[in-house]
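One structure is given below, encoded as structure tokens.
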Amino acid sequence: MKFGVVVFPGSNCDHDAYHVISKVLGQPVDFIWHKQTALGDYDAVILPGGFSYGDYLRAGALARFSPIMGAVREFAARGGFVLGICNGFQILCESGLLPGALMRNRGRRFLCQFVHVRVEATDTPFTQLYRKGQVLHLPIAHGEGNYYCDPETLAELRRENRIIFRYCDAEGNVTEAANPNGSLDNIAGICNRERNVLGMMPHPERASEEILGSSDGRALFQSLALVLAAMTRE
Amino acid sequence: MRATVHVRLKRSVLDPQGQAIHQAVRTLGYEGIREIRQGKYFEIELEEGLSPERARALLERLAHEVLANPVLEEYWVEIEGDAR
């Protein structure tokens, strides 16, 4: 199995993602420069956090036009696993690979803190090792994480069980007080209809080792590795 | 030929930046301002010889695909000397 981490100008969590795959998971991983037009034989691709193109125009808006994104779109259409974290989530929304958009935080401030999120669905390659309803302690670091979509899209996300993570309190209650950025329906992460593309604002790669204050994010990468290993055996 | 593309958040979308500016403006003592919403505009210089129709079609596409995010924002195009 082989992972790829796309590097845009302004990505700054690319090394964190690379570290988790190579050192914590112990799996092969490459950096993929955004100017590449083709993806090699990767099994999973990560769009990391950061400030691609300085967040000019809108967060993720210009990265969407990077040469690599055509290949990422094809890869996703073939069923390849794509994980967008933070700025990566913003890029996936701007690209239309996920619905909706991420707006300026309701409270206007850049938020850099630990939050709780509840696992809402485990039937994705990213969340198989979690329990439904499990509360994770993960960091967020964003100025534009306020998820928005139209009511029809929200109804569709709910009906198809595509809301994967929601902000909650330590006990797992999804409340307005536990919503850090004003996201619609406390949405912290969603997947596409085929469930092979996941976008999330919290940073599992920054919470995959105890020394970082939480290792709750590790199971997300382990889930991916487990699914990929099973696919290879078939 | 010069053109302007205006982009603003839809009315239904919260504008925290506009609210912050409004709050600051009130603190400064300005009276009579009920609401401020922030948008942006793009000044675009078009190549000579482009017909206003072609220019409008081009800019509408550019606004829809790049300059605005239609999930959140609405836009309108103004072309100098083309009063539509």
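Quick reminder: no glycine exception, Cβ is built from N, Cα and C everywhere.
Record features, source TrEMBL:
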ACT_SITE  A:C86  active site, nucleophile
ACT_SITE  A:H203  active site
ACT_SITE  A:E205  active site
(request) Tell me whether A:E205 (active site) sits in a helix, a strand or coil according to DSSP. (result) helix
(request) Within 10 Å of the Cβ of A:H203 (active site), how many other Cβ atoms can you find? Include all protein chains, please. (result) 22
